[in-house]
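A short write-up of the structure that comes next.
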């Protein structure tokens, strides 16, 4: 394991270290790889869905030609429901309940589950399912549910780790998410131009997915040993210890407790790092510390689990009160985007003589454009941040 620079004493008597350099942007690029790995199996599903599932696996073939089944007709709608449902449920559970096991352990378990699902999907490419189309449809839905559940935990755990790291690490994950979709759309155009069979296209997609997800697992083992990672994790760990000690009765730990609350809130709200939001988070943190100091010495008859849920619910209510406009903005953008993409957007068809060929229309106008411009937006926010505190407060 890479060694962390030796500690030196600060004026306050606390151990401090010099922040290691992210040499060759290894950490940044690795987290970008994980951003790709989170979504590439799911992106492969939705990109190949029309060609492989709708027009091949779920189509009934007779001596007189192919016949569309009800499963094929509604596949994209079922696919969207099976993908978003598990994510919503797990995110709600993750907000209020603390599960055993560290974030790193969760990431490794989720990577293994995703790899197994990719292998199962690849195996069924070579199995004739025409005699049991309904059974194959529901099996695929179960795989999609398991895949998105694992991806949801994987993504949340990764953002939880990124919350302890510099802000550009979170940006690299978002860029990787969007780069993944653009990459899959380009692969789809290449395979379509090469006139490959649906089986060959599906095999190419899920082979690449399996390779990249496995690469994420190996890279994460290397990443955890890096001095850059160890430095920031240890720094946050010391801060949390100081916060816990301050809650036991130390009067001089108010600043540390504020930092701990701000760090915990950033786990759930990393995507809305505006100056307005940070200002109110710090304000809420101070108010929470004052409330905790006023409750010292009082007997509490509630169980630890109820106490934790009530405390978290109180935190979220305070955040909603102070940053509700920004939270609503993020929610509306994601809700509208995912309601339209891909189920509705992929069904749009071009008029005759349109400049984009019919066989590439949905790939370019739906999948490539959506992810490419989302990636450009994520990259642009790293360089241009023009919304001021005064502007947000006025809104």
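Heads up, the Cβ atoms here are built off N, Cα and C, so glycines get one too.
Looking at the stretches 103-125, 241-263, 264-286, the one that TrEMBL records under the feature transmembrane segment is 103-125. Between the transmembrane segment (26-54) and the stretches 103-125, 132-150, 170-190, 202-223, 328-348, the greatest number of Cβ pairs separated by less than 8 Å involves 170-190. Listed by sequence, the residues of this chain that lie at least six past the ends of the transmembrane segment (103-125) yet keep a Cβ under 8 A from its Cβ atoms are 37, 41, 136, 139, 143, 146-147, 150-151, 153-154, 157-158, 160-161, 199, 202-203, 206-207, 209-210, 213-214, 216-217, 220, 224. Across 132-150, 170-190, 328-348, the stretch most heavily in contact with the transmembrane segment (360-380), judged by Cβ pairs under 8 Å, is 170-190. Long-range neighbours of the transmembrane segment (328-348) within the same chain, counting only residues 6 or more positions beyond its ends whose Cβ lies under 8 Å from a Cβ of the stretch, are 46, 49-50, 76-77, 79-80, 84, 271-272, 361-362, 365-367, 370.
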